[in-house]
Amino acid sequence: MAVHARTPLSSIFLILALYFLQGMNLGITGSIPLFLIAHGATWKDRGIFNFAFYPFSLKLIWAPLIDALYVKRFGRRKSWLIPIQFSAAVILLFLSFYVESFVENLRVILLAVIFFAIVVLTATQDICVDGLAISLFTATNPQWASTSQTVGQTMGRFMGSSFLLTFESANFTNRFIREPLSITPKESGLFSLQQFVRFAALAFLIVTTCLIFFFREKENLPTADGEKTESLSLTEAYLSIFKLFKKKCIQQLTLVSLLAPMGAVAVNYMTSLALVNQGVPRENLALVSIPVTLVTIVAPLAIRHTESPLRWFAGSYIAYIMTGIPVAAYVYYTPNMISTSYYYPILILLLALNEFCNALRFSAQIGFFAAISEPRIGGTYMTLLVTLHNAGFAIHSTIVLYVANWLPKNYDFVIATGACTIIGIIWLGFSFRTLKWLQEIPTHEWYLLPIQHLDDAVKSNEQGPNDHRASLMADE
């Protein structure tokens, strides 16, 4: 994981822009339940809509197609990015004319189906961008793949959630914008939900058009030591998944990715909805998210050069689930304190600390994934690892949300958070040695390059210690 050269700023900004689009889609999708709750939706409805996020747990099914099939002249990643992002723009444009009606009438299943399609495209775009990031950053600093993803997605989610919820609110717009400017109050915000969805469609069109004319892909893929490799066939790409699972290190990493979310899902998925249920106005919640978001953008920059991401993951994981306890307690007492002058400043501090730890956890884990992913199958490899991460959160979040529907209404969030925290502490206690062992495995042992590359790897090791982690080993 050593840094060999300076990472071009153009590459960083490109990946940031693509992850921003992805985050904005996910932000809009995540905001819909808050609009639904305002019209009387239940935890069960939230659980149903949660299925819209499942494509991120299923994308491994089609990830090898993205790696293996493409138009060489057009570009390995552009061959997929262009049609995917144009398709997303079309669906968003269509949805913009009906989304408010669907929300007001609680058409939860229909909304879940539409956003499922949107998230399918977003997940596919994620495969492409992950692979592109690995190709661009492997030879310089793999941690930039994680940093760009965390920062880009966070900014996009901010636009699709906090920005949307704040300026869509008539109360906020009248009080803080129209009244100071002596503008007549209105029953609507600065813009409506349908107008914002239309804006998202336009953003996809603009970025995709720029991608067509201003970005040219390199044909060959560099490994960590700068060696050029050729891509795999479709059959080889699919077989690579099974070969990866034969590796003991992948098997252990799979268990980590699937079980770790047990401790984090309650505070991760229920905090915002619990605050709304406790009387926090939707627009106020969006305002609270602004400083919290700024903190989460800074967090991954702190570890952008780390060579021990899993050690950061372990530390930030325990900090994240532990800081969820005071958050849950504060949410519980919200009705008694919401009218005081200190309520929102303390809430911001608690949420900012919690989300800072979460951003470190996510960035460290994704950074480790990027560092060990083989560039030839970068999309598939990264997708496999991130899918396992997402599957863990999707499965456990669905379970927790359904169970919360049966818990005492006034104590559901506190009980769920407390139970998850205890489970998370126990899991980390049993898994710490495994995390340490995974971190110490040389990068080449995670690769699947064919046997003929072994000689080159040995020669590289003889030339200097810096090339050891980039040496290539065949899969047994």
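Counting begins at 1 with the first residue displayed.
Heads up, the Cβ atoms here are built off N, Cα and C, so glycines get one too.
TrEMBL does not curate its annotations; it predicts them automatically.
Tertiary neighbourhood of the transmembrane segment (12-39): same-chain residues 45-46, 49, 52-53, 81, 85, 88, 92, 103-104, 106, 108, 111, 115, 118-119, 122, 125-126, 129, 132-133, 136, 144-145, 148-149, 151-161, 164-165, 193, 196-197, 200, 203-204, 207, 215, 272-273, 276-277, 282, 285, selected by CB-CB distance under 8 Å and a gap of 6+ residues from either end. Annotation source TrEMBL lists transmembrane segment at 12-39 (among others).
For the transmembrane segment (51-71), the list of distant contacts is 29, 77, 79-80, 111-112, 115-116, 118-120, 122-124, 126-128, 131, 231-234, 236-238, 240-241, 376-380, 383-384, 386-387, 390-391, 394-395, 398: same-chain residues at least six beyond its ends, Cβ to Cβ under 8 Å. What TrEMBL lists as transmembrane segment is 51-71 (among others).
Among the features that TrEMBL reports, transmembrane segment is placed at 80-99 (among others).
Per TrEMBL, the feature transmembrane segment maps to 111-137 (among others). Only residues 6 or more beyond the boundaries of the transmembrane segment (111-137), in the same chain, are considered here, and those with a CB under 8 A from a CB of the stretch are 7-8, 11, 14-15, 18-19, 21-22, 25-26, 29, 32, 36, 48-49, 51-56, 58-59, 62-63, 66-67, 76-77, 80-81, 84-85, 87-88, 91-92, 95, 99, 102-103, 143-145, 148-149, 217-218, 221-222, 370, 373, 375, 378-383, 386.
As annotated by TrEMBL, transmembrane segment applies to 197-215 (among others).
Residues 33-34, 37, 43, 46, 245, 285, 317, 320-321, 324, 327-328, 331, 351, 354, 358, 361, 385, 388-389, 391-393, 395-397, 400-401, 404, 412-413, 416-417, 419-421, 423-425, 427-428, 431, 434-435, 438 of the same chain lie 6+ residues outside the transmembrane segment (253-273) yet bring a C-beta within less than 8 angstroms of a C-beta in it. The transmembrane segment annotation in TrEMBL covers 253-273 (among others).
Residues annotated as transmembrane segment in TrEMBL: 285-303 (among others).
Residues 260, 263-264, 266-267, 271, 274, 303, 346-347, 350-351, 353-354, 357-358, 360-361, 364-365, 368, 413-414, 417-418, 420-421, 424-425, 428, 432, 435-436, 438-439 of the same chain sit 6 or more residues outside the transmembrane segment (310-330) yet have a Cβ under 8 Å from a Cβ within it. Annotation source TrEMBL lists transmembrane segment at 310-330 (among others).
Here TrEMBL flags 342-360 (among others) as transmembrane segment.
The transmembrane segment annotation in TrEMBL covers 381-404 (among others). Outside the transmembrane segment (381-404) by six or more residues, the chain places 43-44, 46-47, 50-51, 53-54, 56-60, 63, 66, 126-127, 130-131, 134, 240-241, 244, 253-254, 257-262, 264-266, 268-270, 365-366, 369-370, 372-374, 412-413, 416, 420 with a CB less than 8 A from a CB of the stretch.
A Cβ distance under 8 Å defines the sequence-distant neighbours of the transmembrane segment (410-430), meaning residues of its chain 6+ beyond its ends; these are 43, 259-260, 262-267, 270-271, 274, 314, 317-318, 321-322, 324-325, 327-329, 331-332, 400, 403-404. The transmembrane segment feature in TrEMBL is assigned to 410-430 (among others).
Residues of the same chain lying 6 or more positions beyond the ends of the transmembrane segment (80-99) and with a Cβ under 8 Å from any Cβ of it are 18, 21, 25, 66, 70, 74, 111, 114, 117-118, 121-122, 124-125, 127-129, 132, 193-195, 197-198, 200-202, 204-205, 207-208, 211-212.
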